[in-house]
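Visitor: To start, I am sharing the structure in question, which I have written as structure tokens.
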Amino acid sequence: MCEAFHHIAMGLREFILEYFQGFWDYETPKVMVVKNTTLGVIYRSVQFLVITYFIWYVFISQKAYQESETRPESSVYTLMKGSAVHGDDILDTVEYARPSEGGDVISTILRREFTYNQMQGTCAEYFKVPNANCTKDSDCVEGDVDFDGHGTISSSHTISFMVAWFVFATVFLLPIGRRTGRCVQYYNYTFKTCEIQTWCPIEEYAVVREPPLVEAINFTVFIRNSIHFPKFKVLRGNVKDASNKREMQKYLQKCNYHEEKEPYCPNFRLSYIAEQARENFTELCRTGGVIGVFINWNCNLDLDPSHCKPKYSFRRLDLRKDLANSGYYYRFAKYYNKDGVESRTLIKAYGMRLDIIVHGHAGKFSPIPTIISTVTAMTSVGICTIICDWIMLTFIDKNEVYSERKFDEVIKEPAEPISTELSFINSYGSNHSDLSDGVPL
């Protein structure tokens, strides 16, 4: 047992000593010329691919020689313009634009549904709400809160949950009511539903739907965008420069954006936005929708800043029209006093909402990224040698001969020169080994 342990300890000692001595060895590459057409074609092909990748993609496409900035400062101001005749009424921006002060989100009303003369009171619950239909008072639990098709909530639920559902139902669903515990007739119908305390009459029963505002297809939205790249101290805008303010106002009153003819005009027709987003404007009037207006600034500041121009793209952001809860709508009310009782007209508005989203990227020549990219490219060319060495030592005939010629171990400098391939070729003025003679390929 002791002898076996001794052998293990000695072997471990020799291994550690050999590893320690080998750690201080110096390795230098040995140059060999292998005259093999197949290997040469592979070597030059890999070289070509690596060099092409760095020249075309890294330097030309990605501009790796530039210092870049991708978080610019941006400001957006919007304004809806246009008027429409709707029945006997003339509608202007105050009537159909939300919000009126502008910003990076703006919407226009395309269709409205009215519920007139609502007052606080009690009335029959909408019959399509789950558990709303009843035959007797015991079917309706007094104090339960109706959450518009999502059942009822008893007092055992938490306050935070009720608040969350209240906000969701107020914005997206129907008005909320609290059950009184009575089962009443559903307006002029023969069946009954639970009575609720809410704004009466309920929207589903008394709603009046207006026809769509088809003239909105000619409305225009003014989008003014300023972008600042603080690293390069460059400020650009999407409005065309003019010599004086009067000429600028005259230009903005007449122009409409066109990608080629008017790239600096910030007026966009709603019909053009819907077309570019591949949406049917008639369908948008029916269901509403949210469309993103993307302003992309890709600036090469090695050129004059005047070449830094915005590019626009448009895409629908909400769920498609064939899915449940698709479209865009919201509710608001107009309150008034009728016979001393607070009343309101509830308006459900379907609209086209525009979200202005700005992206910016600027680049300018800098020596530091240029040096880093150049060194990386030169280093990456070395992968060609690694690949070809692996092919030569693995797949080509006589790979044992190549291995013997490629790897030499010099332990101590000899007193007299040894006749090797290196010394033989040195006598002819060369500095590398040539394996083309005596080695069948």
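The backbone N, Cα and C atoms fix where each Cβ goes, glycine too.
Automatic, uncurated: that is what TrEMBL annotation is.
What TrEMBL shows for this protein is this:
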{"type": "TRANSMEM", "residues": "41-60", "note": "transmembrane segment"}
{"type": "DISULFID", "residues": "CYS123-CYS200", "note": "disulfide bond"}
{"type": "DISULFID", "residues": "CYS134-CYS183", "note": "disulfide bond"}
{"type": "DISULFID", "residues": "CYS140-CYS194", "note": "disulfide bond"}
{"type": "TRANSMEM", "residues": "159-177", "note": "transmembrane segment"}
{"type": "CARBOHYD", "residues": "ASN218", "note": "N-linked glycosylation site"}
{"type": "BINDING", "residues": "THR220, LYS348", "note": "ATP binding site"}
{"type": "DISULFID", "residues": "CYS255-CYS265", "note": "disulfide bond"}
{"type": "DISULFID", "residues": "CYS299-CYS308", "note": "disulfide bond"}
Visitor: Out of CYS123, CYS200, THR220, which of these recorded positions is nearest CYS140 (disulfide bond) by C-alpha distance?
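Guide: Minimum Cα distance from CYS140 (disulfide bond) across CYS123, CYS200, THR220 lands on CYS123.
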Visitor: By CA-CA distance, flag whichever of CYS134, CYS194, THR220, CYS255 among the recorded positions is nearest to CYS123 (disulfide bond).
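Guide: So, spelling it out, the nearest of the recorded positions is CYS194.
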Visitor: Could you measure between CYS299 (disulfide bond) and CYS194 (disulfide bond) for me? Cα positions, answer in whole angstrom.
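Guide: Cα of CYS299 (disulfide bond) to Cα of CYS194 (disulfide bond) measures 64 Å after rounding.
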Visitor: What subset of the recorded positions CYS194, CYS200, CYS255, CYS265, LYS348 lies within 10 angstroms of CYS183 (disulfide bond) at the C-alpha level?
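Guide: Checking each Cα against CYS183 (disulfide bond), the hits are CYS194.
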Visitor: Tell me which of the disulfide-bonded residues CYS134, CYS194, CYS299 sits in the most Cβ-dense spot, judged by other Cβ atoms within 10 Å.
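Guide: When each Cβ's neighbours within 10 Å are tallied, CYS194 tops the list.
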Visitor: 10 Å Cβ neighbour count around CYS255 (disulfide bond)?
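Guide: For CYS255 (disulfide bond), the 10 Å Cβ neighbour count is 16.
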Visitor: Measuring CA to CA, name the entry from the recorded positions CYS194, CYS200, THR220, CYS308 that ends up nearest CYS255 (disulfide bond).
Guide: THR220
Visitor: From the Cα of THR220 (ATP binding site) across to the Cα of CYS134 (disulfide bond), what is the distance in angstrom?
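Guide: It is 51 Å, counting Cα to Cα.
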Visitor: Mind giving me a neighbour count for CYS308 (disulfide bond)? Other Cβ atoms within 10 Å of its Cβ, every protein chain shown.
Guide: 18
Visitor: Counting distance between Cα atoms, which of the disulfide-bonded residues CYS194, CYS200, CYS265 is nearest the residue listed as 'N-linked glycosylation site'?
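Guide: Out of the listed candidates, the nearest Cα belongs to CYS265.
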Visitor: When you tally the Cβ atoms that lie within 10 Å of each candidate's Cβ, which of the disulfide-bonded residues (CYS123, CYS200, CYS265) has the highest tally?
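Guide: Of CYS123, CYS200, CYS265, the one with the most crowded Cβ is CYS123.
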Visitor: I need the CA-to-CA distance for CYS265 (disulfide bond) versus CYS200 (disulfide bond), whole Å please.
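Guide: Cα-Cα, rounded: 49 Å.
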Visitor: Are there any residues at least 6 positions away along the chain from THR220 (ATP binding site) with a Cβ closer than 8 Å to its Cβ? List them or say none.
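Guide: Long-range Cβ contacts: MET80, LYS81, GLY82, ASN256, ASN267, PHE268, ARG269, LEU270.
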Visitor: What residues, ordered by sequence, lie under 8 A Cβ-to-Cβ from LYS348 (ATP binding site) and sit at least six positions away in the same chain?
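Guide: Looking at Cβ-Cβ distances below 8 Å from LYS348 (ATP binding site), excluding near sequence neighbours, one finds ARG112, GLU113, THR115, GLU203, VAL207, TYR329, TYR330, ARG331.
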